[in-house]
Amino acid sequence: MESLRIYNTLARDKQVFVPRQPGEVRMYVCGITVYDYCHVGHARMLVVFDLVQRWLRAIGYRVTYVRNITDIDDKIIRRAVENGETIKSLTDRFIDAMHEDEDALGIQRPDIEPRATQFIPQMLGMIERLEANGYAYQATDGDVNYSVRKFANYGKLSGKSLDDLRAGERVAANDAKEDPLDFVLWKRAKADDPEGASWESKYGMGRPGWHIECSAMGCTLLGEHFDIHGGGQDLQFPHHENEIAQSEGATGQTFVNYWLHNGFVQVDNEKMSKSLGNFFTIREVLERYDAEVMRFFIVRTHYRSPLNYSDVHLDDARASLTRLYTALKDVEPDALALDWNEPHAQRFAAAMNDDFNTPVAIATLFELAGEVNRTRDASLARQLKQLAGLLGLLGREPRAFLQQASGAAQAGALSVDEIEAKIAARAAAKRAKDYAEADRIRAELLDAGVALEDKPGGSTEWRRV
């Protein structure tokens, strides 16, 4: 099997992946700020790094996968105050909702899922180290800030020059800062902060800045120098740039070897975002589409490419997934283990080892499906199911997928009992030689999105189309 090559944002190139410890991978991914339901952009991040950790394990690595939860920040505080509830009540509720969405999409839980509020002492410890090393200072307003210009390598991840950055572009100008580009490590508490929004520290009551949370959790749980850090493309700057400055400023060593960033989700060629009002929650999508269809829609686009969201693309994903499940219908896969020397498995592995090239890997699945359709071979069916399983796909019994309604509760879809009753009425019409009535029922079902297939021996199978 070829070596795994990963596009490293830091190097701006594909590199052969070499873990710090042979056979072990330590990976941190920036998770979700829990004050609302997860949207399609979150779904992409969740699925992408689920695929990454699945593939790393599939090729033999022992993986420690950490994905954090941000459960304290300004948006969370504002939402809790607006709702008249405690911060913990709000965040617990949306953490539960996030887990429900993850389960629907077939996301395997990370090995460790730390909440920011569980690591306040470690964050303060890192801030004190930065202060001792000359990178942090307490401003006149009580905030503790990071002095960006004192970190010589600032901008190495994003390629941005300090001299080219304008204050106010990503951070608001603040007279208390020594430099407008400095960012906050510890925010002094406000008089009207609700309960649970601040902690005691040597700098006074306050709460951590967003960036220090991930630095402290990553270094605490994975060590001060680890293998992979991932997240959405929008986090590359300033969040991940600031993580590097904090972590390396505190420890004096390289923070992360490989940086992975998934691309944006777009609607009509614009980035999907709350500010543009063009975003959809995972739950809204799952009201109309099966969760595995949504997962397939995400998986079939390369993780670094833009993902174009539309009903047309989701409908196409449903049709494509239906083709794969149809190939497995009426074929019982054999029970042998996956053999990486098999030609289809080799092509699949070569694609995944080429920076997780899922479009090519999925093309291999369709090649296999075509051969299964032609040969009805149990070994090929097993390979199709096993390889798709590495992507979190084709895990259901084919008829269960083919006979379900399109969404979680698609309005107007015939129930299974209604379909079976019509099939029974059609069979009765055929026995009575009323073929016109039998044809009418078949056409009626097809208009309702149900295709029939008469089998030898007189039985009839059906699937939704």
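We number each residue from 1, going along the chain as drawn.
Keep in mind that glycine also has a Cβ here, set from the backbone N, Cα and C atoms.
Record features, source Swiss-Prot:
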- CYS30, CYS214, HIS239, GLU243: Zn(2+) binding site (BINDING)
- 32-42: motif ''HIGH' region' (MOTIF)
- 271-275: motif ''KMSKS' region' (MOTIF)
- LYS274: ATP binding site (BINDING)
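This view paints the features noted in Swiss-Prot onto the structure.
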residue : record              : DSSP class
CYS30   : Zn(2+) binding site : strand
CYS214  : Zn(2+) binding site : helix
HIS239  : Zn(2+) binding site : helix
LYS274  : ATP binding site    : coil
Counting only residues outside CYS30, CYS214, HIS239, GLU243 in the same chain, those with C-beta within 8 angstroms of the Zn(2+) site's C-beta centroid are TRP210, HIS211, GLU213, SER215, GLY218, HIS229, GLY231, LEU235, HIS240, ASN242
Mean predicted confidence [pLDDT] for the motif ''HIGH' region' (32-42): 97
Residue list, the motif ''KMSKS' region' (271-275) vs rest of chain: Cβ under 8 Å, 6 or more residues beyond ends. 39-41, 264-265, 309
What's the number of neighbouring CB atoms sitting within 10 A of the CB on CYS214 (Zn(2+) binding site)? 29
Between the binding-site residues CYS30, HIS239, GLU243, where is the Cβ count within 10 Å the lowest? HIS239
Can you grab the distance from HIS239 (Zn(2+) binding site) over to the residue listed as 'ATP binding site'? Cα atoms, rounded to a whole Å. 19
Distance [Cα-Cα, Å, rounded] between CYS30 (Zn(2+) binding site) and the residue listed as 'ATP binding site': 19
Using Cβ atoms only, which residues of the same chain lie under 8 Å from LYS274 (ATP binding site) while being at least 6 residues apart in sequence? HIS39
